[in-house]
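Taken from Swiss-Prot, the feature active site, proton acceptor covers 248, and the record attributes it to sequence analysis. Positions annotated as active site, proton donor by Swiss-Prot, on the basis of sequence analysis: 270. Per Swiss-Prot, the feature NAD(+) binding site maps to 22, 23, 43, 44; the stated evidence is sequence analysis. Under the heading S-adenosyl-L-methionine binding site, Swiss-Prot lists 225, 302, 303, 304, 307, 332, 333, 384, 413. Per Swiss-Prot, the feature phosphoserine maps to 128. Feature annotation from Swiss-Prot assigns region 'Precorrin-2 dehydrogenase /sirohydrochlorin ferrochelatase' to 1-203; the stated evidence is sequence analysis. Taken from Swiss-Prot, the feature region 'Uroporphyrinogen-III C-methyltransferase' applies to 216-461.
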């Protein structure tokens, strides 16, 4: 271990920053956040530092570096763009046995400032010992995405309740189990939703019970259309915490690869020709079964669970069986596929509204308002329509939509294998057969579909 990691309490202590530029400004602001009494030594200051000095938030030591500036300093940071000045600062600090950091110069530093992930009071520090600061910064960025911003509030709540938890759970093993529940259960979930009152109530109720509930919970997560980069941060965190993942067949392997490695993965997607109601009933059973076994369950759906994903039915089943749940929205296929094809769903010249339509209904196609769908100045996005293209185009034309209306069929939208087949509405079924378009594919009908010709950026239309 090249460096010894240490966290320092600098509240009220004098910290000297030598330099008045942008880097010095960032360092001074970070030190102020930690409660330090900051002095900045420099001939001139950035507007932000000048404002802080004018408001007496910092002390400005004006002029060229003077070793006398160090006499009251507890820590020193040299942040000038002149290595000669930085060397003088470092040597003066060493002569007085004071810790000094020269920004981006490990050879002239007796301590280094790490990259941090701040979820105060929880702080994670990352250091490459000054050898690879870009790598440390990249790791910090990844950790930022994994650590929910509610962790600080959770740590503060746990600290506030520590005496009560110790009193209610005298046995060490029971206390550890309680803390595991606190970190993984409804208290943490409420804080993630920015509901501190509900979190406190859940904690009070748990402390009043002689034993913890063994029930788990279900998180309904929208995985997006395929590109793993479109998974939300909340969705990623849920996958990293899951014990069991019940996923549809359309969820990409790349998204599943982001999940916790030891999580049990169960494919529950429906196949063409299956009894979908029976399959859905089995999904309901699995969610309840695993949650009641105390497991954290992620129900992972392609796109967004509430856009033609039967997410509402699944929540109704969970509510009826008393299972706790949470919903993490996803990017639905219409939004993502259109964007990846270069198609703006609305455009002031062509479309003032968007209709999301499923071509796979409980009843037949007569359930749709074809007169309304055939009107102009709107965009239609049809889900699950590959097997209904003849009917869709014929109905739209019969109800007044011109056969010359542009369409775009987007197959495997947002994935490396994405294809976009374009044409006129009267040619829809024929073009799809010629190009052997297969599911999953999204159909967009409207003047905006033609824009893919000149706005495409991901692959080629």
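Residue 1 is the first one shown; counting continues down the chain.
Every residue, even glycine, has its Cβ placed from backbone N, Cα and C.
Taking the features listed in Swiss-Prot, we show where each one sits on the structure.
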residue: 22; record: NAD(+) binding site; DSSP (3 states): helix
residue: 43; record: NAD(+) binding site; DSSP (3 states): coil
residue: 128; record: phosphoserine; DSSP (3 states): coil
residue: 225; record: S-adenosyl-L-methionine binding site; DSSP (3 states): coil
residue: 303; record: S-adenosyl-L-methionine binding site; DSSP (3 states): strand
residue: 333; record: S-adenosyl-L-methionine binding site; DSSP (3 states): helix
residue: 413; record: S-adenosyl-L-methionine binding site; DSSP (3 states): coil
Distance, residue 248 (active site, proton acceptor) to residue 128 (phosphoserine) (CA atoms, angstrom): 41
Site extent for S-adenosyl-L-methionine (largest Cα pair distance over 225, 302, 303, 304, 307, 332, 333, 384, 413, Å): 16
Integer Cα-Cα distance in angstrom, residue 413 (S-adenosyl-L-methionine binding site) to residue 43 (NAD(+) binding site): 57
Per-residue Cβ crowding (10 Å cut-off), top of binding-site residues 43, 303: 303
Recorded NAD(+) site residues 22, 23, 43, 44, farthest C-alpha pair in Å: 15
The residue listed as 'active site, proton acceptor' to residue 303 (S-adenosyl-L-methionine binding site) - Cα separation in whole Å: 10
Under 8 Å by Cβ from residue 22 (NAD(+) binding site), counting only residues of that chain that are 6 or more apart: 46
Between residue 23 (NAD(+) binding site) and residue 225 (S-adenosyl-L-methionine binding site): CA-CA distance (Å): 41
Rounded to the nearest Å - Cα separation of residue 333 (S-adenosyl-L-methionine binding site) and residue 44 (NAD(+) binding site): 54
Chain-mates of 22, 23, 43, 44 with C-beta within 8 Å of site centroid, NAD(+): 19, 20, 21, 24, 25, 42, 45, 46, 49, 80
Pairwise CA distance, residue 44 (NAD(+) binding site) versus residue 307 (S-adenosyl-L-methionine binding site), rounded so that it is a whole Å: 57
Other C-beta atoms that fall within 10 angstroms of the C-beta of the residue listed as 'phosphoserine': 18
Check: same-chain CB within 8 A of S-adenosyl-L-methionine site center, minus 225, 302, 303, 304, 307, 332, 333, 384, 413: 224, 308, 309, 330, 331, 334, 336, 337, 383, 442
Alpha-carbon spacing, residue 43 (NAD(+) binding site) to residue 303 (S-adenosyl-L-methionine binding site), which is rounded to whole Å: 56
Largest tally of Cβ atoms lying within 10 Å of a Cβ, found at which of the binding-site residues 225, 413: 225
Among 23, 307, 333, which are binding-site residues, the residue with the most C-beta atoms within 10 angstroms of its C-beta: 333
